[in-house]
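S.K.: The domain 'Nucleoside phosphorylase' feature in TrEMBL is assigned to 40-289. Residues or ranges marked as phosphate binding site in TrEMBL: 80, 124, 125, 126, 127. Residues annotated as substrate binding site in TrEMBL: 203, 205.
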């Protein structure tokens, strides 16, 4: 059964042209079905370079590209986001924080709608701070929770507070967990992910320019988060989950932990170790895509 993108905006049908300004793409200048109609998997992450590395990796895994092949940035007309495509896989950067990924997702969801894509799976791959986990562990998000551990996104629309659900697809999370067991290369858990509005105070760090609490208060807060089911902290998952839910898209968040926040605030691992950690979500999601396409 075909599951198409659901747009929660009746105004778009009245528009002669839809300009996706931050992608430098538009329905009047680009043939979306021809460019993107075969997309089935969309992977998003903060860094343009990481998403370019991912598309090169998945191309090799799927046998769709030659070694050393360069993949052009589809959004080269803007410096806001980068987008790469190979076969049925689209790889898009989203920047850092809820505002940045929110803008990207509005335009990505419209792009997939205009391209008449169906049965889409969107996965955020990224990095995070772990709670009670060894660095390098991978967390598959069950629910994205806010800084008070509630599974919701609170947003102000036309001056009114709107609450949206941040649950993620449970079956997809279990499928990804099974893939990690089959790979057998790194520790993977399913847990809640806390999404914050800030990297420093919002995540209880002691090393920002401003900090008006002590270490004991910080540890009490992080242990309370752990007891509530939180296993990692990042800055994008809540709006990602909420927007995918509203658009009827299967979605998952897969993030590696770069440190255990119960043991410190600053990332001290070497560059080479961090590079290997950052490849772990790519390996897991790459294996999942290969398995879905019958190539694993």
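Cβ coordinates come from backbone N, Cα and C, glycine included.
Just so it is clear, the model here is predicted, and its values are computed rather than measured.
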S.K.: By a simple count, how many Cβ atoms lie within 10 Å of the Cβ of residue 127 (phosphate binding site), its own Cβ left out?
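M.R.: Taking every protein chain into account, the count is 21.
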S.K.: List nothing but the largest Cα to Cα distance in Å, as a whole number, among the residues 80, 124, 125, 126, 127 that the record says bind phosphate.
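M.R.: Looking at 80, 124, 125, 126, 127 as a set, their Cα atoms extend up to 20 Å apart.
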S.K.: What Cα-Cα separation, expressed in whole Å, is found between residue 126 (phosphate binding site) and residue 205 (substrate binding site)?
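M.R.: Spelling it out, the Cα of residue 126 (phosphate binding site) and the Cα of residue 205 (substrate binding site) are 20 Å apart.
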S.K.: Just to confirm: which same-chain residues, 6+ apart in sequence, have a Cβ under 8 Å from the Cβ of residue 125 (phosphate binding site)?
M.R.: 43, 44, 45, 54, 254, 255, 281, 282, 285
S.K.: Expressed to the nearest Å, what is the distance separating residue 124 (phosphate binding site) and residue 203 (substrate binding site) at their Cα atoms?
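M.R.: Computed Cα spacing between residue 124 (phosphate binding site) and residue 203 (substrate binding site) is 20 Å.
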S.K.: Among the binding-site residues 124, 205, which residue has the fewest other Cβ atoms within 10 Å of its own Cβ?
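M.R.: So among 124, 205, the binding-site residues given, the one with the fewest Cβ atoms within 10 Å is 205.
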